[in-house]
């Protein structure tokens, strides 16, 4: 309502009052008094209205101030600069400013906006803190609600992006720790599963005892410190068990292989445990086959060892005889004579049957002796090969001597050309004998110098055999020279007799011839003259080995 309208209304009311007063007959004094009362009442109404408006103004200003303070607090909590844009006082003074109500509406809108942003920021904080709480709970294995709630209440005055970023970094660190724990859990579970497979254990039962969630391959698994410790402890325990069983199995298999070798167990009987025997030199990481270290397998191997143990005693006599025969065969091939320390077969059997000795000890002695003989045979190999060649050459030499003494050797007959070829080869070989003997003697001398004991051939010193052969060969050579000289002398005597027979009577010539023939009739090649070497020359058809046999 405008001012003119108010004045018009006030005038009409006064006129109406004047009319009534006239009709009533009120005096001027009463009229003045009533007008004063009306004016006083109007003043009071105006004053009340003014006070009320002032109070409203104060309230609006206070609300504006409170809202501004709230906005400033929210900006402070969120670490943002307060942007209010309040200029109503200066604007009002200049007469063109916004009213307090307009300012209140504006600040309330700003407050609503900031409250909304704070609420959104708070939701972000709650989400991050809740994620942190969940990860901590998984890691610690216990509820962490109280800690998280108290942390949030203490930090509610700080909802800044900086604080939110710190929480995000903390969450990332915890999530990284969680990922590492999950990987560690998975690795340990795979290791435990492999150990259970090798040891023949029930994997589900084993892992359930640690934590039931570890059985579930799709759901969430426990990654708490307690679960990690229990899982690592279980892996360590079964790994040590694997090592113990592996060592036990390898010891059992070693004994089983010894039994197999000892008793020459057929391959078909060994086939059942062939996979087990393959692990005799395996490392812990190389044993991965299921049930390869199970209790059942160990018991099976132990049962087989018990069977072999029982079988061993029944076959021990046979084994001793066999090993002894093998030793004798090795000695025969290497021309080594068994020493007195080697127990005779008859005595060995009697000792085993009486129980006075352990058959295994006897076998060990025989195998040890066989090993020593084989070791010595390696060092004797070259000399033995040369000795065999020498003995073969000696046999050819004897055959050639027999052949040369055969008066019918040049008679043509079946196979005579083959005999002539052999004689040719024998002469070539015999011509090499001196060099062969010298080389062999040199080898033997070096060998005896290195070993510091004599080289024996079937119990005889081989060097002595060579020396004896050399002496005999020289004696035979001297005998052959003596025969040639004697034959030459005999030819000269015969020639002189033939010259004198022209003047002597026929009877005298005949008597001399008979006498001469009687003198050498004992042998077509060997004269009857007593010679210091005649006894040895009769041995010319024997070999060095036969002389020392």
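FYI, residue positions are counted from 1 along the chain as it appears here.
Just so it is clear, glycine is given a Cβ too, placed from its N, Cα and C backbone atoms.
Per Swiss-Prot, the listed range annotated as coiled coil is 459-492 (candidates: 425-458, 459-492). Ranges compared are 160-199, 200-239, and Swiss-Prot records coiled coil for 160-199. Taken residue by residue, the compositional bias 'Basic residues' (481-490) breaks down under DSSP into 10 helix, 0 strand, 0 coil. In the shown protein chains, 16 other C-beta atoms lie within 10 A of the C-beta of residue 423 (site 'Microtubule binding').
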